[in-house]
Each structure stands twice: as C-alpha cells, then as structure tokens.
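S.K.: Pulled these features from Swiss-Prot for this protein:
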- 31-64: domain 'LRRNT' (DOMAIN)
- 170-220: domain 'LRRCT' (DOMAIN)
- 113-134: repeat 'LRR 2' (REPEAT)
- 314-361: repeat 'EAR 3' (REPEAT)
- 455-497: repeat 'EAR 6' (REPEAT)
- 1-30: signal peptide (SIGNAL)
Amino acid sequence: MAGLRARGGPGPGLLALSALGFCLMLQVSAKRPPKTPPCPPSCSCTRDTAFCVDSKAVPRNLPSEVISLTLVNAAFSEIQDGAFSHLPLLQFLLLNSNKFTLIGDNAFTGLSHLQYLFIENNDIWALSKFTFRGLKSLTHLSLANNNLQTLPRDIFRPLDILNDLDLRGNSLNCDCKVKWLVEWLAHTNTTVAPIYCASPPRFQEHKVQDLPLREFDCITTDFVLYQTLAFPAVSAEPFLYSSDLYLALAQPGVSACTILKWDYVERQLRDYDRIPAPSAVHCKPMVVDSQLYVVVAQLFGGSYIYHWDPNTTRFTRLQDIDPQRVRKPNDLEAFRIDGDWYFAVADSSKAGATSLYRWHQNGFYSHQALHPWHRDTDLEFVDGEGKPRLIVSSSSQAPVIYQWSRTQKQFVAQGEVTQVPDAQAVKHFRAGRDSYLCLSRYIGDSKILRWEGTRFSEVQALPSRGSLALQPFLVGGRRYLALGSDFSFTQIYQWDEGRQKFVRFQELAVQAPRAFCYMPAGDAQLLLAPSFKGQTLVYRHIVVDLSA
C-alpha cells in the first residue's frame, strides 16, 4: 500500500505540465510590446511630450507624465481658467500660430513646475490681469509677435524668478495704460529685449524703455453721483456753525427751508431741522458774532430772519423784512465790509428795488436801496484789489457794477457790463492775476468776460439755451464751471490754463438746476445741484489715475 498515491493529489505528470505552461506564459509576456500612451488624434505623443496641430480645444487625453506641450494652429479663440490644470508636471509650453484672441485669468493655474512659456505669432489682443497667476517657477516668457496693444498693470508681478521676457512684434499703444510698464522696465532685473511703440504718433517707433515718465499725463478727474436727496430745491447754501457743517436748502415744494447736517461718520447729509417757508426762493445762513441767522426770502407771504437758539435747539423768528422794500426776491448775497455784516436782496418785481441791509447790534436794518424797477435777477459780491463791488444782473438791462464808497459807506454805480444785455446770473473768479465774469443767458450764449483794467472784454461764448444757473468753482487747483439748462443736461467745463478758456469736460444728468454749490466735507469734495423739477443731486469730485 505504500506505493499507492493519496486520493485526489496531483500526479507527477500534471505538475510538470503546469510548470511548463507557466514558463511559456512568462516568455509570451516578455515579448509583448509596451502599452501605447493615450494621445488625441490631433497630437503626436511620447511618454513625456505632445505636439498638437489643428486642435479644437486644449487636448485633455494626454499622458499624465507630459512635461512638454506644443500647440500649433489651434482652432479655438480663448484660453480659459485652468485650461492646462490636468498637466501638473508641464515644464515647457509652446503656443504658436494659433487663433487665440484672449487669454483669461488663471489660464495657467496648476502649472507650478512650468519654466518655459512661449505664446508667439498669435492674434491675441488682450491678456487678463491674472493670466500668469500661479507660475512661480517660470523663468522664460515670450509674448512676441501677437496683437497686444496694452498690458494690464502688474501682470508680471506673480513671476518672481522671471529671467527673460520677449515682447517684440506687438502693436503697443504707449498711452497711460503702458506707463506702469515703463516704470517696471526701469527697475526689473528681468532681461527684456527692446520693444517699440506703434502709437500714438508722437511716440511711434520710440523705444518703450526710453520713454520719459513726465510725458505721460495720466491724472484726470471725474464727478460721480454720491448722494441723492429725494426732493426739489431752488437754492443751496453750505455753512459752518459750532465746528459742524450744514446745508440750507430752499424748498418751496414742501414749504420749508430745510437744514441738513453733514454726518462725518456716515459721510452723508442728514435731516436736521426745518424753517416754515411756504414760498421760499432763498435761505441764506449767516454766522454773526458766533450766532446763527437764516434770512428766508419768499415770493409771497413776506420774508423773514430766523435765529438759532442753542438753548432750545430750534429756530425762532427774529425779524420781518419790510414787504414794501422787498417785494419779489430772486437772489440773496451776504458779505462783510470793513468788519460790518451786510446782505443784499435782488428784487425781480417791476416796482421793486434791490436792497442792502446792515447788521447793527441785534438785527439787520435797511441800509441802501439799489437799482430800482429793473427786475433784478442775481447778485455777485466781488472783493478784489481792496475795492468791494456788487454786480447786479437784470432781465431788463445790462448788469450794473457798484463800487463801495468808504466815505459814504454805500455802493456807488460804477458802470455797466454792456456785452451781455440780458444776463440771468452773474458769477466771478480769478485765474492768475486776471479777474473774470461768468454771465448766463436763457436765450443765447453765456459769456466769459475778462477785466482789462478799464472795461470787460469777451474771451469766450458757451452755448447755453435755457440756462438760469452757472457757477465757477475751484477743487484742488483745478478750476471748473457748472452750466445748467432747462432743456438739456448740465455741462461741466474745465479751465485750460494754456488757452485761457474753458473746455468741455463732463455732462451731468441734472434736471432744471437752479443753482450749483461747491461744498468741501472733510476729504470729500462735493458739488450740489438743486433741481427745480427733480431730485437734488450731490456729486463727488474724484481723482482718477488712468495708468492704474
């Protein structure tokens, strides 16, 4: 029985056959060719390289070990966010002779090992600011022979170790958008081949590296809507009282003089108080001997002077203005001469006379009647060369100039501004040593006149059909003129020092403005535009760097 094999166990022959089969399998396996790496039809691939022609998109089915990719004559126009993120080992990328026009933000995100990036001979007209974000290993970048006219500011900032940059063969427009590049080229350690401007004509064929920074005039300004006051108004007067900033608005539509207070925390105008005024045309605040008064001029129902009582924190009526002297007020001007306070009221009624009032101890008293029966529309006080003057515009004759007589302590007629017989409003400003008048007209052109020593001469005419309001003002060394109209938008002009004229600067959508008021409020420079038909708008003056 010892020679018998156990039941169910393999015999020697079967074991030998199994061993032979295993050996044959090993031989067959050893002769099988290596597996072909994945490769799209438009590409030729090896284990670590890919060369693609006429691709309709960034190829996705590529070997994961690819470190070099070339795209030629691709049929798509934009490289989008993360287009190559599936190739994290990529070290070399060539994009040549493609139809690209735009490369977006984060287009090369995920390529932290990329060292060489060549984007050449394409039709790229724009790069996004963060196109090259994430390329921390990039040492060589070529953007040669594309259609680039500008480059976003600081586009190369993410490229910490960039050694070589090629921007040749582009159509760079050397305007303010390129100023940053000139500054960067002057300080970078990156080697950059010479590049040249294609435009503007004055810089054409100039080397970008050699452009003087002083040739770039890139700082401009703008008036942007800052706050909307949801009510009409016909006058606006800012004033300081007890270190706070306020604004008085005449609002006949709500039968009040509205007082707003500037909130320095919220940086907005807030409701503060109201003075009853059913037909107010002007609310003039005056701070005399630390006391606040508001002269309320009304078309009907009489005009009054109110006093602010700090103990009761309310306005109380202090004084009535004789309705026989002030019948139909249209404008109000307050000023100080030789230490005394005055205000003048322009009377637009046929039987009225513009009147001057003087402060004396506890009230304002009639001091002088000026210019009777001429339907006066506006007043402008001018204190220049030590000679206080009051200019009165009228709808029935040329503006009249009065000069203060210190002997008589009254205004004495000095002459007329004959160039503008029907001015609605009159304002003045100084530029250098010259004095100018701005006169608005409802029909015809508004005029800018310059004082020539003995007379005014016209220097400029501004189209202004339907104008009842204009205002020159100065903001940070820049001089502007706001010119309103009942039939079109408000025009903002800026003074050109070289030409000694105003040039059109900006258009503001203000309906039927009745005044313009410049109001500095901390670091905010504000222009208020009270509207007779719509909302009162507050614009902020901002400085814009076009090279940013």
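Placed from the backbone N, Cα and C atoms, the Cβ positions cover glycine too.
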S.K.: Residue list, the repeat 'LRR 2' (113-134) vs rest of chain: Cβ under 8 Å, 6 or more residues beyond ends.
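M.R.: Non-local partners: 67, 88-107, 140-149, 151-156, 158-159.
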S.K.: Which sequence-distant residues neighbour the repeat 'EAR 6' (455-497)? Criterion: at least 6 residues beyond either end, Cβ under 8 Å.
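M.R.: Long-range Cβ neighbours of the repeat 'EAR 6' (455-497): 221, 223, 417, 419, 424-425, 427-429, 431, 436-438, 440-449, 503-510, 512-518, 525, 527, 529, 541, 543.
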S.K.: Kindly report the helix/strand/coil residue split of the domain 'LRRCT' (170-220) according to DSSP, in that order.
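M.R.: Tallying H, G and I as helix, E and B as strand, the rest coil: 21 helix, 11 strand, 19 coil.
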S.K.: Going by DSSP assignments with H, G and I as helix and E and B as strand, what are the residue counts for the repeat 'LRR 2' (113-134)?
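M.R.: Taking the repeat 'LRR 2' (113-134) as a whole: 0 helix, 7 strand, 15 coil.
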S.K.: When the repeat 'EAR 3' (314-361) is classified with DSSP, how many of its residues are helical, how many are strand and how many are coil?
M.R.: 0 helix, 33 strand, 15 coil
